[in-house]
Amino acid sequence: MVKIFQHPLINAKLTTMRSKETSYKDFRDNLNEIASLMVYETLRDYQTKKISITTPMNVKYEGETLDREIVIIPILRAGLGMLNGIMNLVPQARVGHIGMYRNEETNEVVEYFFKIPEVPHDSYIIIVDPMLATGSSACDAIAKLDKLGFNNIKLVCLVGVQQGIDKVTKQFPNVDIYLASKDEKLNEHNYILPGLGDAGDRIFGTKIK
């Protein structure tokens, strides 16, 4: 399943992020706010379990609590920019990290770090990365988690293009993809157009090449 959000709050915040005049701080703030809005919908099919509690009025109440582990896995480094927004909404979630970068000469994905919590294989895994461009980083991350036996993986990105969507859905048809926007295309350097620019540079205030 591919879900592209249509929500006025997300659209307005995303427009702010797209502007080259937006400061690093405002870029980060809007990214976290959009991530919070997106994870709300991403967790819609999460299965809870029934529990019994007593209210301050000494009344028994049959309610719900989270049943399975939720693990947020940002793809470094840009995925870190979405983490706080999600953790504000799901503070009990655990966090893993996958470090990848793209070799600018070969466009190949290079992994340099991988660490995730020891959790059951039916845990709810949410991979986050602002950009879904060629889909190579996402597929490499999903493949590694799939090989470890995780069977409930979702991919949450701000913007993506058809090329990346097709690559992920072809290799991993059971992985749901959530996007704030589907953009037009990639340029000759595999950057998304109209896009956001280099999300990592804009999050962390590093020099934009």
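Even glycines carry a Cβ here, placed using N, Cα and C.
What Swiss-Prot lists as 5-phospho-alpha-D-ribose 1-diphosphate binding site is Arg77, Arg102, Asp129, Pro130, Met131, Leu132, Ala133, Thr134, Gly135, Ser136, Ser137, Asp198, and the listing cites sequence analysis. Feature annotation from Swiss-Prot assigns uracil binding site to Ile192, Gly197, Asp198, Ala199.
Counting only the Cα atoms, the space from Ala199 (uracil binding site) to Asp129 (5-phospho-alpha-D-ribose 1-diphosphate binding site) is about 9 angstrom. When the Cα of Gly135 (5-phospho-alpha-D-ribose 1-diphosphate binding site) is compared against those of the binding-site residues Ile192, Gly197, Asp198, the shortest separation belongs to Ile192. Counting every protein chain shown, the Cβ of Met131 (5-phospho-alpha-D-ribose 1-diphosphate binding site) has 26 other Cβ atoms within 10 Å. The uracil site is defined by Ile192, Gly197, Asp198, Ala199, and by the 8 Å test on Cβ atoms against their centroid, the other residues of the chain that qualify are Ala78, Pro130, Met131, Tyr191, Gly195, Leu196, Gly200, Asp201, Arg202.
Just so you know, the Cβ of Ile192 (uracil binding site) picks up 25 other Cβ atoms within 10 Å once every protein chain is counted. Proximity note: of the listed binding-site residues (Arg77, Asp129, Met131, Ala133, Ser137), Met131 have a CA within 10 Å of the CA of Asp198 (uracil binding site), given in sequence order. Counting in whole angstrom, Ile192 (uracil binding site) lies 6 from Ala133 (5-phospho-alpha-D-ribose 1-diphosphate binding site) by their C-alpha atoms.
Each of the binding-site residues Asp129, Asp198 was ranked by the number of other C-beta atoms within 10 Å, and first place falls to Asp129.
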